[in-house]
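Annotated features, as they stand in TrEMBL:
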- 88-129: repeat 'WD' (REPEAT)
- 132-168: repeat 'WD' (REPEAT)
- 205-246: repeat 'WD' (REPEAT)
- 303-346: repeat 'WD' (REPEAT)
- 347-381: repeat 'WD' (REPEAT)
- 473-504: region 'Disordered' (REGION)
- 475-486: compositional bias 'Polar residues' (COMPBIAS)
- 546-566: region 'Disordered' (REGION)
- 583-602: region 'Disordered' (REGION)
- 591-602: compositional bias 'Low complexity' (COMPBIAS)
Amino acid sequence: MSSCRKLFEQQNGFARWKCYDDIIKRLRCPKEEEYTQLLPSEDVICDTPIFACKFAQQKGNETFLALANEDGKLAIHDTTKKQEPYGIRAHNNAIFDLAWMFENMKIVTASGDHTAKLFDVANSDVREIKAFYGHTRSVKTIAFRKDDPSVFATGGRDGNIIVWDTRTDMGSFIGKVDRTIFNSHNTTAPPSKTRRKCVCMSPSRGSSAKSVTGLVFQDDNTLISCGAGDGVIKIWDLRKNYLFYKHEPIPKNKIPYGGSTTKNGFSSLIIDKDCVKLYANCLDNTIYSYNVGTCNPVPIMKYTGHQNSTFYIKSSLSRDGSYLVSGSSDENAYVWNTKQSRPLVRLTGHVAEVTCVAWCERGDITLVTCSDDMSHRIWRIGPEDLPENWEVVGRGKAEVLPLAPAQSKLKRLGEETVALPKKVIVSCKRCDNPSTNDFCQNCCSASKRKHEEEISNENKRLHTDLGPRRLFHNLTDNGSSNSELSTIVEEESEKKSHQPPTLNLPNFVLDGVAPHLNISPPKQKDQDWLTKFRIQRKFRRDFLDASASAPPKVAKLNPTPKKCSSPQSPILRFFKVKCEGHSCSSKTPGSSVLMSSPQSSQ
């Protein structure tokens, strides 16, 4: 089915057009859409890299783009109009992340000065409303609750996750903490045994705290987070109060690292609109997709092809969730079809690492990529063929990447088919017959049979210098002729096809020559005299109990009356005892002891 037919069906309401690979391949960034300065009104020689960029979510204003850089500047750019961005210096340190309020033209920023701030960006002006203090180190990530403009969460390098509510203390310029999750992504236990209730005065609680690098809300009471070093995605239930627990907080569910390398840190998290598919950028150059509806630890898809070596690289989803874009450390940005593991196109043009990206949710397809070359580019759908006067330097274009071997075949039913090249009829080089290749089918079959015969003859040859192979048969080199050896080899090759390959291997079980049978017995430990005495007494007690409880095996016919009392010792079974002081000659029951009369003393 062609793309035009799918587009018409979507416009008429018959189907939803989700696969538009051919249009994604036409992404272009013209010269006028490249911006090398965040706030052009300022007189600066060189700007700093941009760390965060996101489009607004208010209906009708989705084309407004928010940008924040390392100097703490916050800028608002309307991508539909060719005008300069406006903004202010919002923080005295770098801004690592920002988030738009739902259905509001307000922004919350996360900065390296340990604070988060709320700004109103309406009416072509940026005005600070409230500041939020609670973290003891840099604030790395921020996320709003889904469809709720009042509640948001922040995560920092101190390992803490703090949930804020902007409705508390409306008349105050300082925000109040709603709840806190301490040491959410620690690898070791903290040294302190108690936890302070006041968040503003709580210490970092040891150097084992790991940074929280990503936060997303799954629903009103479920928060998902990722860390920089533990390699675990944790799902928290916000209805629980984690402040009064003495031990480490236990999440509702965990998703372990799905790779096999030691680079198990995550740089960012994003979730689709249905809150089912979670995408996590990992430092092992892979983007993992999980089903958080079932919390299955096995990823449903792994997206590869880019490079991720820093925690500043982020990704973004299209408005329908069909395409994924991410930055990369190789100076490019990559776009994937979410049904394929290999990237569809590569966006070129930057000269440094591409960090944050954003996807507009309104109008035509619009992408934004930011790089460490202090520039950001706006990508739009361009002409199918580039004009002749298109300059590569200073401009960006989408390069189509080759598909994987499994994807190079025809696509599944319902998707576009790959156009195969037309076959050209040529003449065979041997027999001049018409053919699509250099040689016709008959010549190819004859050459193939000849090649197979040469290989079979080569396998039958014997290496007289090295002798025949002896891997699975017992051949002896005792001066036999080459003809006899060849006959033996042929017979062995015929038997080999009907016999298992392990037939002539040594059987350690039957032969009794297993390597573990030749080891020396374990050395006994030296025991002191008290331990030996205790073991002997225990052995004697157990033996007496067993002999008293067990009936005699053979009935005695002539029992001799006992004339002397002797200790019932098991040693008397094996030794003759000579009694002195009285004369008796009897055997103790159950023993073979000979009693003799004493000798008269002189």
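Easy rule for this one: first residue shown is 1, then count along the chain.
Each residue, glycine too, has its Cβ placed from N, Cα and C.
Fair warning: this is a prediction, and the values are worked out from it, not measured in the lab.
Secondary structure of the repeat 'WD' (88-129), assigned with DSSP and counted as helix (H, G, I), strand (E, B) and coil, comes to 0 helix, 23 strand, 19 coil.
For the repeat 'WD' (88-129), the model gives a mean pLDDT of 93. For the repeat 'WD' (303-346), the residues of the chain that approach it from at least six positions outside its boundaries are 16, 18-21, 24-25, 27, 51, 140, 211, 213, 228, 265, 267-268, 270, 272-274, 277, 279, 281-289, 352-362, 365, 367, 369-371, 398-401, 403-404, 407, judged by C-beta separation under 8 angstroms. Remark: secondary structure over the repeat 'WD' (132-168) totals 0 helix, 19 strand, 18 coil, with classes taken from DSSP.
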